[in-house]
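*Asks:* Before I ask anything, let me first share the structure, which is written out below as structure tokens.
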């Protein structure tokens, strides 16, 4: 820089300090009132040591004396040239004055202090490992070292050095500097050599030397004032701050690496070796969790094994792959075959003693043929009055006792079409089927369906012809109709027992009971009692007071209160209590006994199997295994055709939230809704569940624009108010038929009507009155049918339709009319501006007719 700014500070005799911003090229005028004896008061500052090569060493004392003499001459002078000095000259003279002052202090030092300094320097030298460039304060010293380089102390060179020159600088106090300089002037060359050797090392620490100086000052009784930090120049401060920041960053990095190494070493040292249980199938996520390892690490090992990049968390691994991965992470494993576990559970007790059990009888037939009434007559109960409109909506299980010790278990299934799946499940747990046929109605669709279920399940069947008391009852007609479906009665030479009964008049009920016991004896029904219990879920629901309630049929073993059961792939729990069909408490349940169980964590699906396990841990393992099997089956399903998805999205939807009292009702309603199909509209069941309507159901309906269908469940007042605020419709039903009928009506209202063109007449053009931009005015004759204002017109020329439009105006003479029939002339305004040929052009008249579509 040619020009730089600096601040010159002079301490006047009055004690005030005047500061002026000047340039290096400016001249300074020195006041003549300054006495010769006055010395410039300088703030002590830290100076830099610059290593320069020179041929000889300047005598510091002579330079100081000559500088002082020059200053005195300049101060005494009165001319303008003598009193005008540049800033650089003034700074040099101030340095000379300071050096002279330092020389006076050096002379005051005693030989004892020199000896002490020598001892201090020798002790520090022993600790120094590396040489360093040294900064000495306030003295222009030139100290020779063993090398060709010489150290020059210059207090004004801080602006001439770069950052690199300051990296190896050590700050020393002025007192140490003066003592070192004085020690260099001693005749004894040994001390000078020691100082020179000291300066060759870069390991001298300023703090240690400062400590030695402080101790020396305390011994002298004249402690030196410690320089304040504000005496540093701006450049030196900046360099020091940068160096401190860099050292701090290095220390932070060093601490971080040291901590990381400690953590790594500790983690490796304290890594736990786990024993991993490996089933037949396990996902990547599950394997990583069982090892407590990161998923990406497991994926990396899999990539090395298979070379596949697209490894998902839900991908399944077989036991061989999983075991290799476990060993790669230094864990141990144990193969667990959950399929074997389940097989062992169900095979337990196969070789035990078989004991006779009660028959399980399922009553099936068409709706309203008297199935529940017949059971009421047999049980001497009145269940049918509890059913809405006398139609059974739920599957029921009961047990009756005959002749003191003979027991029969009855399962009552709903008869209408919606419960086809329930009837199918009923045949899986039954031993004997009682097919109820009304004597007046005969064979109905659900009767035929029940016959097919019996044949598929290969179970014994008894036909009970009910309502035999009616005048139009015809038993022979019923037996002949059954023959057409492969059911041969004993009267016709077959093996199927046909019993005419009347539930209302209680006719032949004992004969029906005896027939059931006879077939049961022929079947020799037996089961193992002394083993873990297993069976089938007949029905399940949520009770607001007791929680989940499941109706079970025990098929094997003995179920006790306190047992842990697993039902299906989602429900398990400890049996808290059990009740029979009459509401009585039970402690144990033996084979063929229907029982209501409390204590499951979830609502199991009806028709699923249950089994008792040893612990809740084993129950969870079995649940997870069954869910994995389900996921594997779902993953094997073919990909959905994207073109079908686009078509599917174009279909209108009716969103439905379904809440029912029991799981069987949900399955029945979903089955019936699934049979409602149409190419332009469909029903989307967003959510289905067991229990009363809740606020969450209302909020979901609001979000999804759905209707809520409630079957045999209640809605409390708060939920009703919320639904009213949100304008959500809640429909309550007690018969499944009503739900299906309402859904069909709603879908019918959502369907857009079909528009069809129906030809209603024909016109022949007699005369063209005008043709313009506003249309053509034509004189026409109605040859057939009629013409209506606004009707669709198709202009035909040579059997080609050249124009389609509407009749804007229809007149008869000068009067506007709505229609003109055949055999009359009329005038029309047609929205067609091109040429029309009366001889060859014909106009066909059409009417748009909308056809209302109905969901059947």
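Using the three backbone atoms N, Cα and C, a Cβ is placed for every residue, glycine included.
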*Asks:* Looking at the ranges 466-469, 470-473, 474-477, 478-481, which is given as region 'G4' in Swiss-Prot?
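*Replies:* Based on what Swiss-Prot states, region 'G4' spans 466-469.
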*Asks:* Among the residue ranges 390-394, 395-399, 400-404, I'd like the one that Swiss-Prot describes as region 'G2'.
*Replies:* 390-394
*Asks:* In Swiss-Prot, which of 384-387, 408-411, 412-415 is tagged region 'G3'?
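*Replies:* Among 384-387, 408-411, 412-415, the range Swiss-Prot annotates as region 'G3' is 412-415.
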*Asks:* So, by DSSP, how many helix, strand and coil residues make up the region 'G1' (365-372)?
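*Replies:* Final tally across the stretch: 2 helix, 1 strand, 5 coil.
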*Asks:* For the binding-site residues 368, 413, 468, which Cβ has the most other Cβ atoms within 10 Å, all shown protein chains included?
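*Replies:* Going through 368, 413, 468 one by one, the largest Cβ count within 10 Å is at 413.
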*Asks:* DSSP-wise, what's the residue breakdown of the region 'G4' (466-469) into helix, strand and coil?
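*Replies:* Counting residues per DSSP class in the region 'G4' (466-469), I get 0 helix, 1 strand, 3 coil.
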*Asks:* So if I draw a 10 Å sphere around the Cβ of residue 371 (GTP binding site), how many other Cβ atoms end up inside it?
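*Replies:* Cβ-Cβ neighbours of residue 371 (GTP binding site) within 10 Å number 28.
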*Asks:* For residue 365 (GTP binding site), what is the tally of other C-beta atoms lying within 10 angstroms of its C-beta?
*Replies:* 27
*Asks:* Looking only at the domain 'tr-type G' (356-526), what is the model's average confidence as pLDDT?
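*Replies:* When the pLDDT values over the domain 'tr-type G' (356-526) are averaged, the result is 80.
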